[in-house]
Amino acid sequence: MGVFCWSGCLVISLQLLLGAALDNLSTCKEEDYHYEYTECDSTGSRWRVAVPNPGKACAGLPDPVKGKECTFSCAAGEFLEISSQLCSKCEPGTYSLGTGIKFDEWDKMPQGFSNVATYMENTAEFSDNKPDSCVNSSWIPRGNYIESNSDDCTVSLIYAVHLKKAGSVSFEYQYLDNNIFFEFFIQNDQCQEMSSSSDKWVKLSDNSDWMNHMVSLKSGTNILYWRTTGILMGTKVAKPVLIKNITIEGVAYTSECFPCKPGTYSDEAGSSSCKICPRNTYSDRQAKECIKCFEEKEYSEEGASKCEERPPCTKKDLFQIHTPCDSERKTQVIYKWIEPKICREELPASIKLPASGNKEDCPPCNPGYFSNGTSACSPCPVGTYSNGLSECKTCPAGTEPVLGFEYKWWNILPGNMKTSCFNVGNSKCDGMNGWEVAGDHIQSGIGGTDNDYLILNLHISGFKPPTSVTGATGAELGRVTFVFENICVSDCVLYFMVDINRKSTSLVESFAGRKVYQSYTHVIHKNATYMFTWAFQRTNLAQDSRRFVNDIAKIYSIMVTNAIDGVSSSCRACALGPQQLGSSCVPCPAGHYIDKESNMCKECPPNTYLTPHQVYGKEACVPCGPGSKSNKDHSACYSECLVTYTNENQTLSYNFNNLGKVATLLNGPSFTSKGTKYYHLFNMSLCGHGGEKMAVCTDNITDVTGKDIEADSDDYSNVVKTFVCQSTIIPSDSKGFRTALSSQSVNLADSFLGVTNNSSLRGITISPDIFPSHLKIPDVNFFFKSLATTSSCEQGRATVISMRCNPAKLGQGDISVPRNCPAATCDGCNFYFLWETAEACPLCMESDYQKIEGACKHGQQETHYVWNEMKLCTNGVSLPEKNVSACESIDFWLKVGAGVGAFTAVLLIALTCYFWKKNQKLEYKYSKLVITANSKECELPAPDSCAIMEGEDNEDDVIYSNKQSLLEKLKSLATKEKEHNFESVQLKSSRAQNI
């Protein structure tokens, strides 16, 4: 009971204290609060409530009242005044879109916009430094527009808006470089995309124009994403995406009008937009009118927020031009101030406009034109020609005019050319000439700022080859050749671009920095309407001051061959029909040249090809290189996959037919400076297929992005079909695409030069150090050439595929690149590949195996054949089967011979020992006899008597021997004393016994 009493007392006390506090607050005034709408309920209704301003405390706020329905909105030029809940017109100096908001000021990032830089690589490499590598990537405000990143990070510009009803978002953009992927998509508050993913890819801009993109929005929360992802290899820098004038429609109401930004004004109430202040005026924010500058000393550009002081005139403020030829065919150099003129001549440091030069003779007409007695040159009529110095003449019989354009004299701009100036950030140079004629050349103009694009266009309706080569296949249709130079101290660039059938402009080549006098040729293979564009930019950095006005590009001559609407500067021999009716020309069949004597078509000799731009004379048929033959049309040479050559007095034959299919090498991975993983994909067609180029590389950007871009299937800008080509592959897990990205396809080899075991052919050399080898068999080198030239490869690209025998690698084997050049090239112009496979071994011959004969067993002998210890051959002759032949065994006779030999040896040894012992005894007896005889040499010898004396016994037996012993015979032979024959006497004396 006590607890309840205490609680009740506490409540009563609080009420008393609150009432006392409210009594002490002042009554709310209109300036102390503002009105807001509550959130809409399920019925689409809401309430208007009064909310105290920050820092204000008052009592007596107005009671809530029912507000306008949630879908209510005011018209353009009006805003909803919540206090009265009525639409009111915007005051002068402000504007309103009614149901929309607009962002056209980009001096800083507008409120509500945010930047998010991410790295969409999903693999593990470089995971530690990826977040930091993109921390400096963002969208950058540039005043009138906002600029995307130009690296290979993924950066999103995000803005969230809540719509009470369905609306739309639109923006202007400039998107020129397909090396950046540009997406615009919308998510709801659950981070779910609200439209088809195939619609999120933004189309490339046409010819540097600002394009408009609009997408419908649903009611509710819409999170808008402008996302760019760079696909950059090496040191390449992409052109960023530019966005301006973002407009969002569908906002339920606008509670206030937007002020006009500096440089604009609105002079009427209820304006839906602001007007730009004209030149030499300025305005502040929320201006009702523009204020004029003091024009004698000040100036301003369109849309200026202040006036600038006019500087003294310098050489940067004037330019010179050549006047058109007058009726006397005279011209002169005159000087003019750059318009609009912003400098002051009366200042002490100012220069004066130089006087005009003396009149000079006009340069002659360009080839194909003639002077008609007026100040202009006229084109020669059809069927006639002129060198520009003489009247037009009719081509002789048996000849036809050479059509084209050759511009080398620049007194006036030709009729099929135009010039303009363009800047993405301002309109200072709009209406200016981007290029100026200068007699023997045409040069870039002054422009408004240093980052202007100075544009020169040449329109060609189509291309048609001469009549004599109309039947040729695979021949070029025409060429565009221009001679130029860049005179720069800055980072200037001259771009050469091509637009086919007025679809989109693609960059062909760029020439950065200072370039000396040089020539560039672009070959045309497809008949279409072309717009060739030269665009010169002094620097890509926007600057208020002019620092590089003296940087210029000069084009001395432009030559276009085989143009349909061209003129003729000469005539060429053409082929005549068999009946030679009149002088009508007939087309030669494919692979035929025009004989100089008869002007008839004759087929090129075997294994020669016809030059694409010269068919007159037998010398137009060029012999094919070693190991190659011409195709049926004599338009190119190719290898039949059969190669034969002599090495160290040995003829080696190869058969590469099993390698004739298109081979693929995926080399990598490599990584950009930001860590993007990419691969180099090479497709190569080695030989065969009748000379048809089978290697195809395709840019699948359209497949990846789903862009609806019209493109012919044979458009060379999307598909490269040749002998060897290269593409840059970014795996699907690298940037979050649904499939791997293939881009930057390059033609590396469109002409086959020959195959040889030598290390060089027609100026292309492969060093032995590139692919070291210890084999006795040298590599077989296939030499290719790409005729397309670039600024870095003035002679075109060259490719060498070295075929190396490796019996351990069966089938297709392995293809590798030089160890020191992982991209197959070290200079970007010469590419080298090593193809190791057993199929690259020479065909086997009889010298590649040896014969081994077995022992004779049971009257039979087997002969086996085995490959040499290191088999370096394939296919060819087969290893012979085992051979069995009859034989006679020699085991028995060998045993008999051994027995007889052993017996004979023992017998000889025994006889030798016997006779030697007997000879020793005889020598002993003889020596004793000699000693006895010497002791009695003073005594008379006893008379020899054959009779037996009295008293003596017949005991002595005398034996006479005239034969030599075996040992003595051997001695006599050794001493060659055959005349001394000793008599052996054996005595038996009783006297000796008595002694």
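FYI, residue positions are counted from 1 along the chain as it appears here.
Every residue gets a Cβ built from N, Cα and C, even glycine.
The structure displayed is predicted, hence computed values, not measured ones.
The record in Swiss-Prot pairs C841 in a disulfide bond with C805, which is drawn from C805, C821, C887. If you go by Swiss-Prot, C793 shares a disulfide bond with C829, out of C821, C826, C829. The record in Swiss-Prot lists a disulphide bond between C697 and one of C687, C725, namely C725. Record source Swiss-Prot places C641 in a disulfide bond whose other cysteine, from C588, C601, C604, C687, is C687. Each residue in the topological domain 'Cytoplasmic' (917-995) has a pLDDT score, and their mean in this model is 56.
Fewest Cβ neighbours within 10 Å among the disulfide-bonded residues C687, C697, C725, C805, C829: this applies to C829. For the glycosylation sites N136, N649, the largest tally of other C-beta atoms within 10 A is found at N136. Around N245 (N-linked glycosylation site), the same-chain residues six or more apart in sequence whose CB sits under 8 Å from its CB are K102, F103, D104, F171, E172, listed in sequence order. Here the glycosylation sites are N527, N683, N883, and the one ringed by the most other CB atoms within 10 angstroms is N683. Among the disulfide-bonded residues C793, C841, the residue whose Cβ has the fewest other Cβ atoms within 10 Å is C793.
Close to C725 (disulfide bond), meaning Cα to Cα within 10 A, are the following recorded positions out of N372, N683, N758, C793, C841: N683. Cβ crowding, taken as the number of other Cβ atoms within 10 Å, peaks at N700 among the glycosylation sites N372, N700, N758. For C641 (disulfide bond), the same-chain residues that are 6 or more apart in sequence and have a Cβ closer than 8 Å to its Cβ are N655, F656, N657, L659, G660, L686, C687, G688.
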